[in-house]
Amino acid sequence: MGDKSGQSALRTYKSLDEEGLLGSAELPKRPTGSLVMHSMAMFGREFCYAVEAAYVTPVLLSVGLPKSLYSMVWLLSPILGFLLQPVVGSASDHCRARWGRRRPYILTLGVMMLLGMAMYLNGDAIISALIADSRRKPIWAISITMIGVVLFDFAADFIDGPIKAYLFDVCTHRDKERGLHYHALFTGLGGALGYLLGAIDWAHLELGRLLGTEFQVMFFFSSLVLTLCFIIHLCSIPEAPLTDVAKDIPPQQAPQDLASSSDKMYEYGSIEEVKNGYVNQELVLQGGKAKNPAEQTQRTMTLRSLLRALRSMPPHYRCLCISHLIGWTAFLSNMLFFTDFMGQIVYHGDPYGAHNSTEFLIYQRGVEVGCWGLCINSMFSSLYSYFQKALVPCIGLKGLYFMGYLLFGLGTGFIGLFPSVYSTLVMCTLFGVMSSTLYTVPFNLIAVYHHEEQKQRALGGGPDSSSRGQGLDCAALTCMVQLAQILVGGGLGLLVNTAGSVVVVVITASAVALIGCCFVALFVRYMD
């Protein structure tokens, strides 16, 4: 009897492999068009980010925001994101909406991005139309603009986690890497287009005169691009609702019994996989352990269980989060001060001079060239993302990760020690390598980790990670971006004031990136 059970269990595991749960070899390959459509969300998001980078400072200055409030504007959004990102990630893991787990959150955050842009690009015009009292106008204009900036940053930072989790949910393991490369490709293209449109002097063109100001022109383009991109993204690969997964699972059914009754169940993932009868192994095993799926969802959504799930992350997940934090700290340190570095150090301009002085005009010219450097960064990031697929078989994820940090560290160190116009613009290509690396390799590793865990659990020997889902892990990784923003926003300003020169920012970015090289080589776990 026992031998027969063992044979039955053995046949079950073999069946799981054949059904695509272990290697996903039998699941259909995602068409390139579907992955491109899925990547359009990253295009729209990065386009709007570029517009914000080009216009948010002029907008804040135009409404008269006091300098004492600048730090609050830049720090409030990442602080909120860092605290709430895992909560939303866990909530999306257990969302039981008929539209799927991730898409309701993506749609909500997309609407918040659109509302934030409307407030910070049109805040002054809105208040002028609604309030006649000239003494109250500046206060309301500053308030609306600040809320708009914080709301946009909050939603744009937040949305990356659900988008990545959505990709992981509806794609097989072999398609996740392709999808991440397309994400990075369209991220670079969106940023480049946003910077290019931001560099155009719309005030002297017919469209600028028609819409009023260049702020309204950029809102028109941003809202149009964001809306179209998110409609395409949300229609790319349909999700099956999570409520279908546990509908027919008996309370104490064993995992091997679940596999044998897959014809009565539905998979959370894509609609096509549901129709083909494939079962999502992670959810099957979770469902088999839960006495009541509703109670399990309720229990997982408590703050204590959320913190417990984060603490229970395996060490290699935590090391990946630390490496992501180091990378984004180095990258943001350089990028947030890059145009100022070009204006002050490379062009020797003076941002505090009189607005009609030669020094100030030289500084402005340096800032404009710096914007072109950011455009070069975005374009090369997109180009490098395309060639990453060819590099992975040669040097692997470890080689890609190490090379991205190393090239960025050497490039920023070079322009910090030998600043010149042409060498700095050339080094912007290395910034693109780092950008593409940060958008692809860590999430590729998350996908690999989850794939290994699924294979181990299917064979009965893996750790129990039922309290964690891909949404929570992606959110924890994305949290490192917000934490890096907090560190950069809170620390580098003090560092510049102490050193008296913005060069220290570039040197700091180089040093942090080189430290990151050692960390990703020694502590991050890779799998063949």
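Cβ atoms are placed via backbone N, Cα and C, with glycine included.
The transmembrane segment annotation in TrEMBL covers 71-92 (among others).
According to TrEMBL, the transmembrane segment annotation covers 104-132 (among others). Here the transmembrane segment (104-132) has long-range neighbours at 41, 45, 48, 51-52, 55-56, 59, 62-63, 88, 91-92, 95, 97, 140-141, 144-156, 158-159, 162-163, 166, 212-213, 215-216, 218-219, 222-223, 226-227, 230, 233-234, meaning same-chain residues at least 6 beyond its ends whose C-beta is under 8 angstroms from one of its own.
Annotation source TrEMBL lists transmembrane segment at 138-159 (among others).
Annotated transmembrane segment per TrEMBL: 180-197 (among others), in sequence order. Outside the transmembrane segment (180-197) by six or more residues, the chain places 35-36, 38-40, 42-51, 53-54, 163-164, 167, 218, 221, 225, 371-372, 374-375, 377-386, 388-389, 432, 435-436, 439-440, 443-444, 447 with a CB less than 8 A from a CB of the stretch.
Residues annotated as transmembrane segment in TrEMBL: 217-237 (among others). Outside the transmembrane segment (217-237) by six or more residues, the chain places 30, 34-35, 37-41, 43-45, 47-48, 51, 54-55, 103, 106-107, 110, 113-114, 117-118, 121-122, 163, 170-171, 190, 197-198, 202, 207-208, 211, 270 with a CB less than 8 A from a CB of the stretch.
Outside the transmembrane segment (325-347) by six or more residues, the chain places 362-367, 369-371, 373-374, 377, 404-405, 408-409, 412, 419-421, 424, 431, 434-435, 437-438, 480-481, 483-485, 487-488, 492, 496, 501-503, 505-506, 508-510, 512-513, 515-516, 519 with a CB less than 8 A from a CB of the stretch. Residues or ranges marked as transmembrane segment by TrEMBL: 325-347 (among others).
Sequence-distant contacts of the transmembrane segment (367-387) (same chain, at least 6 residues past either end, Cβ-Cβ under 8 Å): 46, 50, 53-54, 181-182, 184-192, 195-196, 198-199, 335, 338-343, 346-347, 421, 424-425, 428-429, 431-433, 435-436, 439-440. Taken from TrEMBL, the feature transmembrane segment covers 367-387 (among others).
Long-range contacts of the transmembrane segment (399-418) within the same chain: residues 323, 327, 330-331, 334, 388, 391-392, 424, 427, 430-431, 433-434, 436-438, 440-442, 503, 506-507, 509-514, 516-517, 520-521, 524, each at least 6 residues beyond the stretch ends and with a Cβ under 8 Å from a Cβ of the stretch. What TrEMBL records for 399-418 (among others) is transmembrane segment.
Here TrEMBL flags 424-449 (among others) as transmembrane segment.
Under the heading transmembrane segment, TrEMBL lists 474-496 (among others). Long-range Cβ contacts of the transmembrane segment (474-496) within its own chain (Cβ-Cβ under 8 Å, at least 6 residues beyond either end) map to 71, 74-75, 77-79, 81-82, 85-86, 88-90, 157-158, 160-162, 164-165, 168, 310, 313, 317, 320-322, 324-325, 328-329, 331-333, 336-337, 442-443, 446, 502, 504-505, 508.
Look at TrEMBL and you will find 502-524 (among others) tagged as transmembrane segment. Among residues of the same chain six or more beyond the transmembrane segment (502-524), those with a C-beta under 8 A of the stretch's C-beta atoms are 316, 319-320, 322-323, 326-327, 329-331, 333-334, 337, 340-341, 344-345, 398, 401-402, 405-406, 408-413, 415-417, 419, 434, 445, 492, 495-496.
With a threshold of 8 Å between CB atoms, the same-chain residues lying at least 6 positions outside the transmembrane segment (138-159) that come near it are 41, 45, 48-49, 52, 56, 59-60, 63-65, 69, 72-73, 76-78, 80-81, 84-85, 88, 105-106, 109-110, 112-113, 115-121, 123-124, 126-128, 131, 478, 481-482, 485.
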